[in-house]
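Enquirer: Okay, so TrEMBL annotates it like this:
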type     : residues : note
TRANSMEM : 38-60    : transmembrane segment
TRANSMEM : 66-87    : transmembrane segment
TRANSMEM : 99-122   : transmembrane segment
TRANSMEM : 128-148  : transmembrane segment
TRANSMEM : 169-191  : transmembrane segment
TRANSMEM : 197-215  : transmembrane segment
TRANSMEM : 227-248  : transmembrane segment
TRANSMEM : 260-279  : transmembrane segment
Amino acid sequence: MQGSEPLEPPSPEVARLYLDEIEVIEQRREERIDRRAVAWQSIATAVVTAAIFTAYLLVVRAESSAAQPLLFLLLVTSQIIAGVGERNGLQWRTPRSKWWYTVFIVLFALAVVGTFFALLISPEARPMWAYFIPGAIMLVGFGGIGVVQLWKARGSAPAARPARDPIPLATRIATASVGLLLGLATLSIGIGDDLTTSIATLVLMMIVVGWFFAWRTDAGPAALGRYWRWPHFLAYALTVVVMVWANLQTVYSGPMATSTYLLCGALVAALLIGSAVLPEERRVRDGQRP
């Protein structure tokens, strides 16, 4: 069986037209990206991530085994943040012309990792203020990127925002499921037995890792960031506050009553389950918001 003849290379004029068309396509892609939204996302991401990471380090300083629920919370939060970036049109691949951006991120990441391991070498010997350093580096580094992006976007015309689709049923089910998992993670804080807490958190981690295989579906972790409206983000923010408070309270002030952990776990689950079952009309109105 003979193959087809090779195609003739395009003429210089046709090649130039191809290159011009590529520039037009790139320009259209840039116009679809909401630079202000991306900048505010960078700032909010830095604040939330730095807060959770600092709380995690403070718990590790007092009792390392009790920090696993916060590690689970940090993992879930990172996936939601990735989905928010996709909704704003953010491209995770950095252009070659912005190599300095990659270098900047790598340097700050190395600084965070370096200070993190320095604290873990001898946690008891480090003063408490030292445990705020990695979070401060994250806040200044990644939050600073958002501030620079916001400054560069000043005076530019706002990007056209496409109409938001109603939240799919699969995403609502995933939202409620995350609420249940975070509620169980909150309950595990008050178990008291290190081995049982570790096993419970490990099971939750395995469930989340399995959830990652549904990344590109409406039930995947990124779908939460893509479809959530402000009530969902508010509910999740309150969830973060409850979990961080319960963990810090336990390791620094002693175990609380069992009923308190039950109440915190139920509140965490109820917040996200409640936001997941918002009526369709409410979600459509929220979709008109920026």
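Glycine is no exception: its Cβ is also placed from the backbone N, Cα and C atoms.
So that I understand the layout, could you describe where these features sit and how close they are to other parts?
Expert: The list of residues near the transmembrane segment (66-87) in space but at least 6 beyond its ends in sequence, with Cβ under 8 angstroms from a Cβ of it, reads 38, 41, 45, 48-49, 52-53, 55-56, 59-60, 178, 181-182, 185-186, 188-189, 194, 197-198, 201, 204-205, 208, 212, 221-228, 236, 240, 243-244, 247, 250-251.
Beyond its flanks by at least six residues, the transmembrane segment (227-248) meets 48, 51-52, 55, 58-59, 66-67, 69-70, 73, 77, 80, 83-84, 87, 164-165, 167-168, 171, 175, 179, 182, 185-186, 189-190, 218, 256, 260-261, 264, 267-268, 271-272, 274-276, 278, 282-283, 286-287, 289 of its own chain at Cβ-Cβ distances under 8 Å.
Sequence-distant contacts of the transmembrane segment (260-279), counting only residues of its own chain at least 6 positions beyond either end whose CB sits under 8 Å from a CB of the stretch, comprise 172-173, 175-176, 178-180, 182-184, 186-187, 189-190, 231-232, 234-236, 238-239, 242-243, 246.
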Enquirer: For the transmembrane segment (99-122), name the stretch out of 38-60, 128-148, 169-191, 197-215 with the most CB-CB pairs under 8 Å.
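Expert: That would be 128-148.
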Enquirer: Do the transmembrane segment (169-191) and the transmembrane segment (197-215) share at least 3 Cβ pairs under 8 Å, sequence separation 6 or more?
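Expert: Yes; at least 3 Cβ pairs under 8 Å.
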